[in-house]
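Worksheet for the structure shown next.
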Amino acid sequence: MEIALIKVHGSMNTFYMFEGEERDDYAQLAKHISTIDPDIDGILVILPSTRAHAKMRVFNNDGSEASMCGNGLRCVARYVCEQQNIQKAVIETMKAFLSVRKKAVSNGEIATYAVEISPVSFLLNSVPMNYLNQNEWINKPLPFVSKDILFSAVSVPNPHLIGIVPATLQNDSSHQEKWAQYFNSDNEYFPDGVNVSYVTAVEKGIFVRTYERGVGFTNACGTAMTASALISCMSGLTPYGDVSVYNPGGLVKCTIASSENKIDLELSGNATYLAYSTFYWAQDDIEKSRILFVKNSQEQVSYNKFIEQVTTRSNLFS
Ligand SMILES: N[C@@H](CCC[C@H](N)C(=O)O)C(=O)O
């Protein structure tokens, strides 16, 4: 069968997005499309929902299904709002119904959406993480990794391990890579794997680099950036409210509000369409599947200008 794919990105976290029905072979499709186009981090499937404007399923490029994807949800939000001619919507995800909305931006050139990130839990059994029979692990070193890095484990609701690191450990990512690979292999601490982010304070916010479960190093991970902004606020690295989060693929805003027993998180940033394609999906022999047609959009031109401004503005680690 032929399907219409849109190649999209949020902070250069790149996916093929398409409309589909419930079925059980999206994992195989995600793996196959990722071999044809290794640029992508995964696929986003937009399905009908009986209780929301639409439903999103996300598959990493290794075929594993994730409960949430913040950058992907912004792209799905754009698609649903444009298709249904609305400014805000509710999207069903694996574990939550999430509010999304279109944002007005000053130059209007880059489609920008804000999405709710929820539910948040610090309970280690929600991550899941097993370590010393603890219930939570917030801002404490994991001595077998490093006595100098403060780590926090949190689910939003996909799993994150966040370390606050000095600039030296951002510039050389081999430490992060080694431990992220370990925590995403067969290991005693994270039975389902974990997205591992290293966070460093910069002049006007934080910089976050993420090694994603099911993907590897990525330009940006929206849930990781939002969880990292929350941990940065909790640890006094940055004030609560709007946090500018720089990442290898650009810049997003995470809005962090916390009261006695409630945490509200919102992620805002670009939802860029790179190209429109037709894909031949050979369901009986996936190897025969292929991209038949590609038409590039011009949206990346504006995004590249934005990236130039971000990189010249931020002398990140000096
Ligand atoms: N890139 C996403 C997260 C994708 C899922 C993640 N790799 C997982 O397995 O939890 C984002 O923008 O949040």
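Cβ from N, Cα, C; glycine included.
Feature list (source: TrEMBL):
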- Asn13, Asn60, Gly70, Asn71, Asn158, Asn195, Glu212, Arg213, Gly222, Thr223: substrate binding site (BINDING)
- Cys69: active site (ACT_SITE)
- Cys69: active site, proton donor (ACT_SITE)
- Cys221: active site, proton acceptor (ACT_SITE)
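Projection of TrEMBL feature records onto the structure.
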| residue | record | DSSP (3 states) |
| --- | --- | --- |
| Asn13 | substrate binding site | strand |
| Cys69 | active site | coil |
| Asn158 | substrate binding site | coil |
| Glu212 | substrate binding site | strand |
| Cys221 | active site, proton acceptor | coil |
How big is the gap, in Å, between the Cα of Gly70 (substrate binding site) and that of the residue listed as 'active site, proton acceptor', rounded to a whole number?
7
Rounded distance in angstrom between the Cα atoms of the residue listed as 'active site, proton acceptor' and Asn158 (substrate binding site):
11
Would you find the one among the recorded positions Asn158, Cys221, Gly222 whose Cβ has the most company, meaning other Cβ atoms within 10 Å?
Cys221
Around Asn13 (substrate binding site), how many other CB atoms lie within 10 A of its CB?
31
Cα distance (Å, whole number) from Cys69 (active site) to Gly222 (substrate binding site):
7
Whole-number answer please: how many Å between the C-alpha atoms of Asn158 (substrate binding site) and Cys69 (active site)?
8
Taking the Cβ of Cys69 (active site) as the centre, how many other Cβ atoms fall within a 10 Å radius?
28
Using Cβ atoms only, which residues of the same chain lie under 8 Å from Glu212 (substrate binding site) while being at least 6 residues apart in sequence?
Asp41, Asn60, Asn195, Thr218, Cys221, Ala224
Cα distance (Å, whole number) from Asn13 (substrate binding site) to Cys69 (active site):
10
Count of other CB atoms lying within 10 Å of the CB belonging to Gly70 (substrate binding site):
29
Within 8 Å of the centroid of the Cβ atoms of Asn13, Asn60, Gly70, Asn71, Asn158, Asn195, Glu212, Arg213, Gly222, Thr223, which other residues of that chain place their own Cβ, given that this set defines the recorded substrate site?
Asp41, Ala66, Met68, Cys69, Gly72, Thr210, Val215, Thr218, Cys221, Ala224
